[in-house]
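Report on the following structure.
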Amino acid sequence: MEGSWRDVLAVLVILAQLTASGSSYQIIEGPQNVTVLKDSEAHFNCTVTHGWKLLMWTLNQMVVLSLTTQGPIITNNRFTYASYNSTDSFISELIIHDVQPSDSGSVQCSLQNSHGFGSAFLSVQVMGTLNIPSNNLIVTEGEPCNVTCYAVGWTSLPDISWELEVPVSHSSYNSFLESGNFMRVLSVLDLTPLGNGTLTCVAELKDLQASKSLTVNLTVVQPPPDSIGEEGPALPTWAIILLAVAFSLLLILIIVLIIIFCCCCASRREKEESTYQNEIRKSANMRTNKADPETKLKGGKENYGYSSDEAKAAQTASLPPKSAEVSLPEKRSSSLPYQELNKHQPGPATHPRVSFDIASPQKVRNVTLV
C-alpha cells in the first residue's frame, strides 16, 4: 500500500516539474487497434519527437505506465515497456501481459504539456471449448450417420469446419447458433462412411487466424447379415408418385378387362342356351310331325289281349293230342280259378270250369268291341 502511494507521489512530482518547465514536443504516430486472445500479450507503439519529458499510457482512462527520461514508473507488473530511438523520433512500446476480457477498451498514449494524444482500441477474444459427445464413434458401413460438434464460450463466434480422414461416399455439414443460447455454436456433419478413420472438428477465429480442433475416431462395422439387401436407396418423391399413379391405372385396367371378360362369358352362355333350346324345340316339332299321320290312321284303342290266328294255330299244333274228356274239378281246386275269374270277368252267375282237349284245333276269331 505504501509503495503504490509512493509511485503516485512520484508521478505527481514529475508532472509538476514538467509543467513548470514547458516544452514543444508532439506525438508523431499513435497506437493502432489490436485484437488478441485471452491470456496472450498485447503490444501498442507510440512514436514521439525528441525532447519529451513525460510519456504516459492509459487503459480505459487509467494510467498503467509512465516513462520519464530517468526511467519507467511501473505500477502493475502486467504492464511493461520497450523503447526504440531513431535520429528524429522516439518509439515507446506498451506490453500488456496475460490479457483478460476485462482489459478490452481504449488505450491512449499522451505527452505532458501536449494537447495531442494517440488512441487505439484493445479487443480481447476468448477461445472457448469444443465438444463431441463421443470420442469413439461406431457406425455401420454404407449407412448415413451424423456427428455433432459443439463450440461453447467463444467470443467472437468461430467458424467451424470438418477434416475427414475416412473414406466416405457422401459428406456435408451445417453450422448454426443454438436456439436460446447465442454463445453456443453447433455444427452437424452428415456422412456415409465406407471405412475406419478419424474426424476432426476445427473452430477458427478469422480475425486472429487462431483455431482449435478436436479429433475423434470413427469405427465402421459390417451390417448384420439379415439386413443386407433388405433396404435399397430411397426413391425420390416424384418417383414414388409416378409409381402410385401407374399402379392405380393398371388396377383400373385390370378391373375393366375383368368386367369385359365376364360380359363376354355371360353373352356366350346365353347364346349357347338359346341354341340348345332351339334344337330341342326343332327335335320336338319333328317328332310331332312324324307322329301325326300314324295317329290319324288309328280308329280305336289298342287291344292288348288280341292274338293273331297264326300264333294260336302254332301254339295248338305244338301240344300233344289228348282224348276228349269232361272233368269236374273239386270244390277246393276250383276256388282259385274262380276267384281269378271273378277278378277279371265279373258276371251274375258262376259255372264249373269245363276244358276240352281237341285233337285238331279250330280257328277262333276274337272281336273286341269298344
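Keep in mind that glycine also has a Cβ here, set from the backbone N, Cα and C atoms.
Quantities reported herein were computed from a predicted structural model and do not represent experimental measurements.
What Swiss-Prot annotates here:
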type	residues	note
COMPBIAS	289-301	compositional bias 'Basic and acidic residues'
DOMAIN	128-215	domain 'Ig-like V-type 2'
CARBOHYD	Asn33	N-linked glycosylation site
CARBOHYD	Asn45	N-linked glycosylation site
CARBOHYD	Asn146	N-linked glycosylation site
CARBOHYD	Asn196	N-linked glycosylation site
CARBOHYD	Asn217	N-linked glycosylation site
REGION	284-359	region 'Disordered'
TOPO_DOM	25-239	topological domain 'Extracellular'
TOPO_DOM	261-370	topological domain 'Cytoplasmic'
TRANSMEM	240-260	transmembrane segment
Secondary structure content, the domain 'Ig-like V-type 2' (128-215) (per DSSP, counts of residues): 0 helix, 63 strand, 25 coil
Integer Cα-Cα distance in angstrom, Asn33 (N-linked glycosylation site) to Asn45 (N-linked glycosylation site): 10
Residue, out of the glycosylation sites Asn45, Asn196, whose Cβ gathers the largest set of other Cβ atoms within 10 Å: Asn45
Intrachain neighbours beyond the transmembrane segment (240-260), with Cβ under 8 angstroms and 6 or more residues off its ends: none
For Asn217 (N-linked glycosylation site), the one of Asn45, Asn146, Asn196 that lies nearest, given that the glycosylation sites are compared by Cα: Asn196
Separation of alpha carbons, Asn196 (N-linked glycosylation site) and Asn146 (N-linked glycosylation site) (Å): 15
C-alpha spacing of Asn196 (N-linked glycosylation site) relative to Asn45 (N-linked glycosylation site), in angstrom: 52
